[in-house]
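Have a look at the structure below before the remarks.
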Amino acid sequence: MRRREALRQAQRWVIKVGSALITDDGRGLAHEQMSAWADQVAALRKAGRQVTLVSSGAVAEGMQRLGWRSRPRALYQLQAAAGVGQSGLVHAWSDGLARHRLQTAQVLLTHDDLSDRRRYLNARSALREMLRLGVVPVVNENDTVVTDEIRFGDNDTLAALVANLVEAEALVVLTDQPGLMDRDPREHPDAVLLDEVRAGDPELERLCGSPAGVLGRGGMLTKVRGAERAARSGTYTVVASGREGRVIQRLADAEPGLGTLFVPDQEPLAARKQWLASHLQTRGALSLDEGAARALRESGKSLLPVGVVAVEGGFSRGEMVVCRDPAGIEVARGLVNYAAEEARLICGRASRDIETTLGYVDEPELIHRDNMVVTV
């Protein structure tokens, strides 16, 4: 089966629509364009596919309603604009899809919702039930309550995490660019569109020369990283131009040469591992010797204190930490069994020495393999 045929077979879709495609050049939402997008989403639903929308545009709509001509930089001003614009954004999607007798649901998420196991499972169950009922969820970051430390950062990342959450087979990221080019098209007019790439190819990041737009936070780099993240649940990602006519239907028909297809190049992670991988913020880092790093990379074994040479940061038991090899490269991340001060006391020691060092022993491992995801 040609790899684009995976799109024809995909039953569960996440579609991310960028700000440039649904705003009137910064003057609020472009309702005619949104209505046209709703028509395409409705056609996909009519074909029996489940669809989740991740939609930008709340800040741009809020700026219009507040009379602001330039995007603010202060977080509290962005939050105010998002709060004002969010209702208009969801209302516009609701109106467009209601013409096709489709129900929508507003879903606002924060990183904390996905890093807490119970809330993560609740969000997953709610979204899956909406999809089962034929509802089109419209997902966005809950900008009015997040801080810089706990924000997703951009809707490309959020879309990938939602794809993981609902175990989508296809993620479509619609932008104002044709896809990923082999060179920066601003500097090389003869740059060629890449038709198909491996989602985890480390060479892709160097091709991302385009910055984010004025109204959006994401550039091509966030889309490449989002595709890699989505691939953890086996999701195929397409980055394509929303300026193309009937682009969603054409992608669903597996049309070749439309956008860039990011192909998953590893086995999908188990559900719990996907949750672990969804943590964007970490509380500290463990520096490993070569033997421990190799054991994690090649065998996915638990991390024992003896393989740790240094502890960075201040973290509590059960928080997420990064594991780095001697070159400083992340090899894994996981939920640690000991607080930072305890970890500093037992690092480099055999597990049998934990009790004599601390006066007690909680676990023989610093991080158990079930609470760890290898990231290389």
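Backbone N, Cα and C define each Cβ position, glycine as well.
Cross-referencing LYS16, LYS46 with the ATP binding residues that Swiss-Prot gives (THR175, ASP176) picks out LYS16.
Classification of THR175 (ATP binding site) by DSSP places it within a strand.
Residue counts for the domain 'PUA' (283-361) under DSSP (helix as H, G, I; strand as E, B; rest coil) come to 28 helix, 23 strand, 28 coil.
Every protein chain considered, the tally of other Cβ atoms within 10 Å of the Cβ of ASP176 (ATP binding site) stands at 14. Once the Cα atoms of SER56, ASP143, ASN155, the listed binders of substrate, are compared pairwise, the greatest separation found is 11 Å. The Cα of SER56 (substrate binding site) lies closest to that of LYS16, out of the binding-site residues LYS16, THR175, ASP176.
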